[in-house]
Amino acid sequence: MSTRWNGKSRAKGSRTVGVTTGSGDARWLAAAARLAGRARPLSSPNPAVGCIVVREGRVVGRGWTAAGGRPHAEAAALAMAGDAARGATVYVTLEPCAHRSHRGPACADILAEAAPARVIVGVADPDPRTASAGLDRLRAAGIEVVLADCATCADSLRGYLVRANTGRPHVTLKFAASLDGCIALPDGTSRWITGPEARAHVHARRARADAILVGGGTWRADAPGLDVRLPGLGDRSPERYVLTRGAAPAGTRAIAEPPAISAMEGVQYIYIEGGAETAAAFLAADLVDRIEIYRAPIIVGDGLRAVGALGLNDLVNAHGRWQQVEDAQLGSDHFAAYRRTREGAV
Ligand SMILES: NC(=O)c1ccc[n+]([C@@H]2O[C@H](COP(=O)([O-])OP(=O)(O)OC[C@H]3O[C@@H](n4cnc5c(N)ncnc54)[C@H](OP(=O)(O)O)[C@@H]3O)[C@@H](O)[C@H]2O)c1
């Protein structure tokens with residue numbers, strides 16, 4: 001699915017009200033966004049959506065997009081709520097779909113039939129089959145609709161929104177580095193820089209990606225498994241890709257240049273695990289949306305730097321591009337995540 005939808009076409013004529021941070025509505029939306037996390041990445045190529053039905057302060061229904069994309073979150077939450085949905089408030093992270101498919105009815109229609117009093121929507125859907133039509137159909141059914149422009153919901157939908165607005169998947173670049181920014185010894189050895197807690201964290205992150213990618217150099221040096229080795233998640237290993245100008249190594253698919261990620265069928269989230277030249281290639285092409293760094297309390301000195309040559313000649317150009325969004329201690333290692341700050345980005 002390399003379709004590019006113009007995000008600007010979204011929700012024409014619809015009212016964006018916003019919900020106050022910390023308000024009841026904002027908290028329920030945040031809870032729906034956390035539920036949506038259960039659908040990632042199994043819902044691909046459909047968006048991972050979360051939905052909660054609340055009546056008199058109690059949750060009477062909840063759902064998230066099922067593996068393969070159906071049933072949708074709203075359908076699951078309304079099925080659980082049954083008659084209790086009538087007059088209730090529905091919180092849903094993404095605008096309910098307005099298009100019927102052979103796989104099921106439009107969520108806007110089943111919501112209209114369930115007749116909640118209010119529907120609070122996290123973010124508008126850029127899919128032209130739904131954009132604003134989902135909200136309009138609910139309003140036409142006499143339901144109060146609030147489009148909240150919820151940042152937490154947008155975060156939970158990054159892969160879908162980046163795909164819709166740019167035509168390529170969301171890209172996370174990860175590396176494990178020493179305090180002095182090295183990812184390997186001078187001889188290329190990089191096992192093991194971080195401890196078991198950080199490595200388990202990496203495996204959990206892999207399980208949230210549709211695709212995992214390393215450079216040809218890393219593939220040849222480390223022969224990495226790139227799989228998910230966590231109890232119960234063994235079947236969640238992402239599809240393996242190698243950035244190479246040559247042929248795909250056995251068991252992988254080749255990507256000949258960074259922009260070719262747009263052609264990855266059905267992929268919303270890519271997790272890149274190095275090495276330095278690959279990191280530089282994606283950063284130079286401005287194709288990295290998120291950086292995740294595991295920093296071990298060791299000094300390597302004369303080792304391989306985390307990122308290869310970028311041709312930067314003015315530090316001014318390096319500032320203002322990354323904003324820290326996560327921070328945690330994992331055993332003896334430190335984890336931090338940074339989001340690319342792009343003006344007007346989703
Ligand atoms: N600590 C960590 O987090 C970590 C993670 C990963 C790797 N490492 C270490 O990093 C080292 C490897 O890093 P590296 O920088 O030498 O190699 P690398 O980035 O893994 O791979 C370089 C290769 O990627 C391909 N490539 C790079 N740019 C390209 C482009 N623009 N278009 C097409 N293909 C491109 C080429 O593959 P072909 O030659 O096949 O054409 C190139 O030789 C190893 O020592 C490994 O242990 C550490």
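For all residues, glycine too, the Cβ spot is worked out from N, Cα and C.
Cross-referencing Ala176, Ala204, Ala207, Ala263 with the NADP(+) binding residues that TrEMBL gives (Trp192, Thr218, Asp222, Gly275, Ala276, Glu277, Thr278, Ala279, Ala280, Ala281) picks out Ala176. TrEMBL names His72, Cys97 for binding Zn(2+). Of Cys51, Cys107, the residue it gives for the same site is Cys107. Summary of the Zn(2+) site environment: with the site residues His72, Cys97, Cys107 set aside, the chain residues having Cβ atoms within 8 Å of the Cβ mean position are Val49, Ala73, Glu74, Ala75, Pro96, Gly104, Ala106, Ala108, Ile110, Gly134. Annotated pair Ser190 (substrate binding site) and His72 (Zn(2+) binding site), C-alpha to C-alpha distance, rounded: 42 Å. Candidates Glu74, Cys97, Leu226, Glu273 (recorded positions) were compared with Ala279 (NADP(+) binding site); those inside 10 Å Cα-Cα are Glu273. A Cβ distance below 6 Å to any atom of ligand 1 is met, among the recorded positions His72, Glu74, Cys97, Arg229, Gly275, Ala279, by Gly275. When Cα-Cα distances from Cys107 (Zn(2+) binding site) are compared across the binding-site residues Arg229, Gly275, Glu277, Ala281, the shortest belongs to Arg229. Around His72 (Zn(2+) binding site), taking its Cβ as the centre, 29 other Cβ atoms fall within 10 Å, counting all chains.
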